[in-house]
Structure formats: C-alpha cells, structure tokens
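Colleague: Sharing a structure, written as structure tokens. Questions coming.
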Amino acid sequence: MLTRLLRRGTSDTDGSQTRGAEPVEGQRTGPEEASNPGSARPRTRFGAWLGRPMTSFHLIIAVAALLTTLGLIMVLSASAVRSYDDDGSAWVIFGKQVLWTLVGLIGGYVCLRMSVRFMRRIAFSGFAITIVMLVLVLVPGIGKEANGSRGWFVVAGFSMQPSELAKMAFAIWGAHLLAARRMERASLREMLIPLVPAAVVALALIVAQPDLGQTVSMGIILLGLLWYAGLPLRVFLSSLAAVVVSAAILAVSAGYRSDRVRSWLNPENDPQDSGYQARQAKFALAQGGIFGDGLGQGVAKWNYLPNAHNDFIFAIIGEELGLVGALGLLGLFGLFAYTGMRIASRSADPFLRLLTATTTLWVLGQAFINIGYVIGLLPVTGLQLPLISAGGTSTAATLSLIGIIANAARHEPEAVAALRAGRDDKVNRLLRLPLPEPYLPPRLEAFRDRKRANPQPAQTQPARKTPRTAPGQPARQMGLPPRPGSPRTADPPVRRSVHHGAGQRYAGQRRTRRVRALEGQRYG
C-alpha cells in the first residue's frame, strides 16, 4: 500500500512539471486563458507564427520576392533566342526587364513609406494625370503602335504603357472615393456617379487604342470596387452584365479579335494563322510532362511560339519546369491571394481594406485570364502574367501596388501596437521604415459604430387622450376635427414618396456578407 502511494505521488509530481497549460506562480493569465486554456495558445509553431503581428507583412514581401525572382529567371530563359536574333545579344530583353523591376522596387518602397493620408490626398490628381496620358497616347507621332494597338510611349528605347498606370490610379482613387462616401452614408447615386462615369471614360480611351486585355483588366478593378464596397447585389449584377456585354462586343468587333474568338471556338479551323499561338502553347505544355525538360532546355522559344517571353511565358514554364513547376507557380499565386485577403480582413482603415481586396482580385484575375488562354480555356486577350511576363510597365505597377499592400499590412492594429510599443522588426529596421500611425475614424463613423454596438430600444409614444364631448355639443367647439360620415377605427395609411432617391438613400449601406467578411478591427 505504501509503495502504491509513493508511485502515485511520483507520477503526479512528474505530470505537474510536464504540463505547460497549468499556470504557475508569478505567471500572468488573462481571463480568456483562465476560462479556456486550450484556445489561448496555438497548438503548433506554424499557428504561433501566423498569430504574430508582422506575419502578414513578412508573407507579402516573401511572396513578391519569389514571384519576381521566378519571373526574371523565366524571362531570361524565354527571351534569349529572340534577343539574340534581334540585337545580337541574349541579354537585351532581360536587361530591360531588370531595369523595370528596379523601377518597380523603388516605386514599391515609396508606396511602403507613404502615409495613408497623403496617398488619399493625391489619388484624384494621379488618376487625372493618367487620363491625360491616355489621351496623348492616341495622338499620332506621340503614341507608338504595336500589335495593332496604339498604347505605348517610347522614350530612349524604353516603352511605357499608360493604361497600366491608369488602372493603378483608378484603383486607389476608387477605393478612396467609396470609403469616403460610405462613411458619409451617401446615397447609391452619389456613390456611383463619380466612379462609374470615370471608369467609362478610362475604358473608352483604352478601347480607342484598341486593347481588349487592358479593357478587361479595368473592368475587373471596377467590379472589385463595387463588390467589396458592399453595394446591392442588383447593382453589382447589372455592372457585371454591362462589362461582359461590352467585352463580348469588343471581342467580335475588330478583325484580329474576332479571329481569336473563332480560333478559340474551333482550334482546328485555322491552325497556321489565328490559332497558331494557342496550338503551339498546348504543344509546349504537353512536351514538358511532369518534371519538364530542364531550365533553359525548352524548344518552343526557338521561334516556334511567338511572344514566348511575354503573353505565353506560362507555356515555357510548363515545358521547362513541367507540371511540378506550373503547380508551384499556381501555389504562389494562391499564397498571394491568402495574404491579400488576410491583410484586407485585418485592416482597420476602410480605404486600405477596400484597396487591398480590390488589388488582390485584380492580380488574381489577370493571372487567371493569362493562364486560362494559354491552356485553352479562354480566348487570347494579350494580358500578361503579373510579375512573371516580360512587361516593363506592368511589372513596375504591380510592384508598386504590392508596396501599398505591404503598407496596409504594417497598419494592421496588432502590427501598429507592436511597432509603436518598441517591438521592432528586423525587416522594418533594414528598410528604415517609419512608425505607422493608428487609424482614427471620423466622428461620424465612431458615433455610428457606438449606435450599432448599443442599439436603443424603440420608445412607444403614449396614446393621446381625446376629451369627451358633451351630448349635443359639436366637436368643432372642442377643438377637434369634424367627424366624417363613416366611423374610422384606424389612422389612414401614409402615402410614401415614390421618388427614386427615397428607396435608394441608404441602399449602399446594407452590411452584406462580403462586407462583414472584410470587417476587421475598426480602431488601431
């Protein structure tokens, strides 16, 4: 009996030393840890890392670095043959891509250091400048025509596409506009009137080039802004229908675009002309197999597949890196989607929340369209694969937007609290970034949030007592309205106004499910 008691005491002592969930003396435990110790700490190291304040910032920087590095490697591999044929050197296209990547890194660093208030202040001016650039590029002698589209400026041998800058400026200005109008509880008309006409002007200028791919990309940005702003579903569906119908009309209006659509519907109709690119891209993907032919060992780039370094670089990735490399690239874009939506849902500023979600949708939509027409699911539109294809202005604009997303990650409430409490980050010290400012909502939004958190019960008005009239005394002498001929037991129905603004006054302010999904902590 004594031996059993000694063994039991020894096991209890060992168990108390190994159990880490029990609080020890001197250790502070919060109310949540005391009530539910299992949920206070993550079970794995990966879960603990995801719960750190700067995890979103590290994730977006790492994903952008991996995509940019992979893009530079594949541009060098896919463009060496064409560069040597055109200029006698295999490094020309790759060198230009490196220079544009440096420009994008500088732009991303500037956006990373920029304050949110200054960004919103210059949003409209930046969009207006890009509209002027879209007008100038249509002037003969100023804009350069390539591949049937007049949409480039050429300066010192470097080409710049103003439509890429217009998309970036429109996303920033649209997020600023919708965030401000949503705070003021503006009507649906007031929310749509500045945004949609401005988008129509930009789309019309891009269509005049003409450029179907950039038109579709601008439509994605507009739909993303409308969707994540929480507008009514009928407004979003009508906008989606308008964008789809416009894209369909543009696809069959011009000769080369209609040829692409016909070749997509029937690839065997003209395999040597309009369907040649799509056919060769499928051959390259099939040639790669599971593990690919090896980096730099592809055959399609030897003048078999036109624009192998640009629009159809995903086919070269599938040929040289195989199915494994293609799935790895898709995994990187999936990680980018998770990171962008994580930052959007954790942001306290409505402007950063809306801009981050829209930008994430834009990059993913463009990647989906590019990969879709390479593998044959969509007709060829000419959209580039973000951060992978050889496109100078596209790469610079995308890196600048990633700088804005990283800036939003630093403005998460937990990140702001950690950085301002002195728990600095190595990456922040290396980049010499300033401390982020906590989000301070306007007084109107703060008052509305307090009213929403503490709703007041509806007060019932007491029934008004009517004086009794003496028998034979008229009601007019008692100060009462004359009685009608027929008795009335209830108040007459109030006729409501049928003015269009009455029903739409606060139609844009309904907290839909997609808005609640992006609602993070409101105050930093």
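Cβ coordinates are placed from backbone N, Cα and C, and glycine is handled just like the others.
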Colleague: Under the topology that Swiss-Prot records, do S79 and D349 share one side of the membrane?
Modeller: no
Colleague: Count up the helix, strand and coil residues in the topological domain 'Cytoplasmic' (333-350) according to DSSP, in that order.
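Modeller: Its residues fall into 15 helix, 0 strand, 3 coil.
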Colleague: Which residues of the same chain, at least 6 past either end of the transmembrane segment (389-409), have a Cβ under 8 Å from a Cβ in it?
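Modeller: Counting only partners 6 or more residues beyond its ends, the transmembrane segment (389-409) has Cβ contacts under 8 Å with 54, 56-57, 59-61, 64, 68, 71, 75, 78-79, 93, 96-97, 99-101, 103-105, 107-114, 116, 119, 158-162, 164-165, 167-168, 171-172, 309-311, 313, 339-340, 343-344, 347, 349, 352-353, 355-356, 359-360, 362-363, 370, 415.
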Colleague: Do the transmembrane segment (312-332) and the transmembrane segment (122-142) share at least 3 Cβ pairs under 8 Å, sequence separation 6 or more?
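Modeller: Since fewer than 3 Cβ pairs under 8 Å link them, the transmembrane segment (312-332) and the transmembrane segment (122-142) do not come into contact.
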Colleague: Name the range, of those listed as 192-212, 213-233, 235-255, that has the largest tally of Cβ pairs under 8 Å with the transmembrane segment (122-142).
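Modeller: Answer is 192-212, with the largest number of Cβ pairs below 8 Å.
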Colleague: When the topological domain 'Extracellular' (374-388) is classified with DSSP, how many of its residues are helical, how many are strand and how many are coil?
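Modeller: Final tally across the stretch: 2 helix, 0 strand, 13 coil.
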